[in-house]
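Taking it in order: structure first as structure tokens, then the write-up.
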Amino acid sequence: MGHYVVLWCVSAFHRTGHVCRGDSTTHRKAFPVLSFNYDHVKTPFEISLWILLALLMKLGFHIIPRVSSIVLESCLLIVVGLLIGGIIKAIKQTAPVLDSKLFFLYLLPPIILDAGYFLPIRPFTENMGTILVFAVVGTLWNAAFIGGMMYGVCQIEGAQLGHVDLLSCLLFGAIISAVDPVAVLAVFEEIHINELLYILVFGESLLNDAVTVVLYHLFEEFSHAGIVTVGDAFLGVVCFFVVSLGGVMVGTIYGILGAFTSRFTSHTRVIEPLFVFLYSYMAYLSAEVFHLSGIMSLIACGVTMRPYVEANISHKSYTTIKYFLKMWSSVSETLIFIFLGVSTVAGPHAWNWTFVIFTVILCLVSRVLGVMGLTYIINKFRIVKLTKKDQFIVAYGGLRGAIAFSLGFLLTNNEMKNMFLTAIITVIFFTVFVQGMTIRPLVELLAVKKKEESKTSINEEIHTQFLDHLLTGIEDICGHYGHHHWKDKYDAYVKRWLIVGERSTEPQLISFYNKMEMKQAMMLVESGSAAKLPTLMSAATLHRRAIPSISKSREEEIRKILRANLQKTRQKLYSYRRHDLVMDPFEDNVSEIRFRRQRAEMEKRVSSNTVIEFVNISSVEVQEISKCLCDCTW
């Protein structure tokens, strides 16, 4: 009987969707074959969609050559952001806004890390004085000039700006005065300007972060307090040094920690790139915790870490770091410009014609006057002077960007915040669209020297490094402790602790040669020319095998000739006095006697045809002579 009840319940379930349990029935839903729950994946899905959209826009920009030759990539991305913001507003949805937390903590660090890790150290250090003058003095001038003149504009009766006080104008001047590194990178890398102008403008945009942060917090505190004393001004100056030097110190500490950690990653190569990213990001966050300059911390961390990390990690890890940083910074830069366009449409705005127009004009005037005045002073101390064309490009390349917008977004006074943000967005659009799009034809018109596309050879790089090595020796001989001397001492001491294996003890010139040789080999592999390498190597091996080896007796004869005729330079150093380079008379007489004796011996050897044999030796023997030359000299 029970079997009949079970069969009846099953058949009833198939017909009615009910389950029978004895005399009672309970309702049960059918198993869901397909369900929809967008809220569960809303945030990561929209982030992925934004990144995908940004990459598609970037891809389309480079596929269509006509667009890329007329419009800058940053301009096109802002236009795309404006269109997206308009669509979102039309369907009455809330548009994502480029708030300060998103920008400073997530989008800006990859761009600065990429710029700092691959920063061209030599042109940056050679022009450090000029960059610091533009970054510190130039930013202070721009902030004071714009803030003071805008306060004068606000006093005009018809402008309806009487509620804006002096401290608020100075705060606005501090926000709008700084050159933006993101905008500079986006524009200058497309026009391929020469390395000097690029490093001047880009270096200024990196180092003026400390000035901008200090001025922003200083004037913000003053505007709330309503009164400024001499002690407050003095503390502001002290704060500048704390913010800048503190940021550099934090970045250097994390850079040394990252380099030291890379000594022990030989057995776990897969995590090597993560240490570079995490130590760098921790340096940025640690600086932000204490309101130090996060940008300068990231730059110091990348510059400190790179030479030692690259000596320890594998070549695959180096390639991973290189391409991941480039990819990460490119995506962040693309999202920043798209978000700028979307935030412009989202608003809110408080438009005041007088305030906006005078802001744009004063930004241009202050930039031109500042560059011309500072260059007049700088050229008195520079060996390579900045020409009028260079000054024009430096002044015209002072672009504003998302940093100014994010600082304005932090303001609390809503009435002035909306007006300031409207003016800031207008200046950003003017500098990116007008100045950014016209700087390329102006560079062509003025015939400004562009960046050479040809890459330097190993020979050029080695000789450049050799000159640094030579200057270090000259500084030691002269008793002058310049930056070459201290750099050599620093590398000699630090390499023992931060570089693992034999590379920690080899001379800097040899390690640099090995690095350049490996770099060129990797470039050949990446360019598809690796198929030629085995042929070249086999030919070189065969050539090496075909060269006859020099006999021991012949080698000893060459050594005797070199020992007898080479000047022993180290013997002259015994009479060296640090502050007196006059030759000792006794030593001069000894050298003269030695020279006469050597000339007499040389004449005897010429008569016995020994020297003739020496001149007519093979190329292999020349190499042996060079080796003997080093041994006899030292």
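A Cβ is built for glycine as well, from the same backbone N, Cα and C atoms used for every other residue.
The structure displayed is predicted, hence computed values, not measured ones.
Here is what TrEMBL says about this protein:
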type     : residues : note
TRANSMEM : 47-64    : transmembrane segment
DOMAIN   : 51-444   : domain 'Cation/H+ exchanger transmembrane'
TRANSMEM : 70-91    : transmembrane segment
TRANSMEM : 103-119  : transmembrane segment
TRANSMEM : 131-154  : transmembrane segment
TRANSMEM : 166-184  : transmembrane segment
TRANSMEM : 196-219  : transmembrane segment
TRANSMEM : 231-257  : transmembrane segment
TRANSMEM : 277-303  : transmembrane segment
TRANSMEM : 323-347  : transmembrane segment
TRANSMEM : 353-379  : transmembrane segment
TRANSMEM : 391-412  : transmembrane segment
TRANSMEM : 418-443  : transmembrane segment
DOMAIN   : 534-604  : domain 'Sodium/hydrogen exchanger regulatory region'
Contact call for the transmembrane segment (323-347) and the transmembrane segment (231-257): at least 3 Cβ pairs under 8 Å, seq gap 6+: no
Remote residues contacting the transmembrane segment (131-154) - C-beta distance under 8 A, at least 6 residues beyond either end: 124, 161-162, 164-166, 169-174, 176-178, 199-200, 203-204, 206-208, 211-212, 215, 354-355, 358-359, 362-363, 365-367, 369-371, 373-374, 377-378, 394
Result, the transmembrane segment (47-64) in contact with the transmembrane segment (196-219) (3+ CB pairs under 8 Å): no
Taken over the domain 'Sodium/hydrogen exchanger regulatory region' (534-604), the model's mean pLDDT: 51
